[in-house]
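According to TrEMBL, the protein has these features:
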| type | residues | note |
| --- | --- | --- |
| COMPBIAS | 306-319 | compositional bias 'Low complexity' |
| DOMAIN | 128-254 | domain 'Palmitoyltransferase DHHC' |
| REGION | 300-336 | region 'Disordered' |
| TRANSMEM | 45-67 | transmembrane segment |
| TRANSMEM | 73-92 | transmembrane segment |
| TRANSMEM | 171-194 | transmembrane segment |
| TRANSMEM | 214-235 | transmembrane segment |
Amino acid sequence: MMLIPAHHFRDIERKPEYLQPEKCIPPPHPRPAGTMWFIRDGCGIACAIVTWFLVLYAEFVVLFVMLIPSRDYVYSVINGLVFNLLAFLALASHCRAMLTDPGAVPKGNATKEFIESLQLKPGQVVYKCPKCCSIKPDRAHHCSVCKRCIRKMDHHCPWVNNCVGENNQKYFVLFTMYIALISLHALIMVGFHFLHCFEEDWTKCSSFSPPTTVILLILLCFEGLLFLIFTSVMFGTQVHSICTDETGIERLQRKKQRRERRGSWKSVKETFGGDFSLNWFNPFSGPCHPKPLSDRDWVRQVSSVSDTENTETTTTTTEEPSEEPKNEDFVELVDE
């Protein structure tokens, strides 16, 4: 990302032809119900595979190196059930975060007919994304990997091969939480296992040879420590974004959002799906279903426009646009 000075206002014209709607391909037919969302990105797919491999590696070491060879049956059963339950919830949350539409804006809807159907009034503007030819509602941003504009886009995460947006933020939060928990659990079990092996014969505390056992445990310890730190930071960042009703992109842009912010508790309930219950921790339960976009969601007032990222505007005002200020300090984020 590179910061460059830019003007706060874009050119404003009175006709929708300024948006060049003739260059927009008509929006495709809606996908059939139940169609899976999946991003075909080589890097993201590789990162998702690595994520699953690391979780399965931890499963292997925990079960076949530490728990199954243990002579304490109760210890093995309890820790085995807890670890496998957390691992299952982590992988389920990962799948939901990866395969859920994060809130993609309909592609190619910046047509002349659609713009005219909005019946813009004086002082109203619409923003067009020139990359995917879509009319951008407020707080939507274009993702160069997904090649779509995403509502309330926080960031694109290669580890889940998807954007984190309005519809899948809950699953991403649960994914980071459960990965942090299994990492902590694995580190605690590794510590106890090392103590047990030091007190007894190494050949009796594992079904593998002592050198192999040590290498497997050290690798698991390194993996657990790394992911515990990383996912804990991500979990805290996401919870802070939800409570402040401010996405990661909005925080990086450092813009004063002239919009009504939801209360922190209301924002949490909408993200996790209603009042507090066990469903908050259930990756098979979705967030509050967002309302379909209405005509007014596509339109913004000039005085409250907060998104100038690679967009163009139009307005139906019959007055000539006032001359733009010559020197207005503004910062724009430009993708390289």
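Any Cβ shown, glycine's included, is placed from N, Cα and C.
Regional average pLDDT for the domain 'Palmitoyltransferase DHHC' (128-254) in the model is 91.
Mapped onto DSSP helix, strand and coil, the domain 'Palmitoyltransferase DHHC' (128-254) counts 72 helix, 19 strand, 36 coil.
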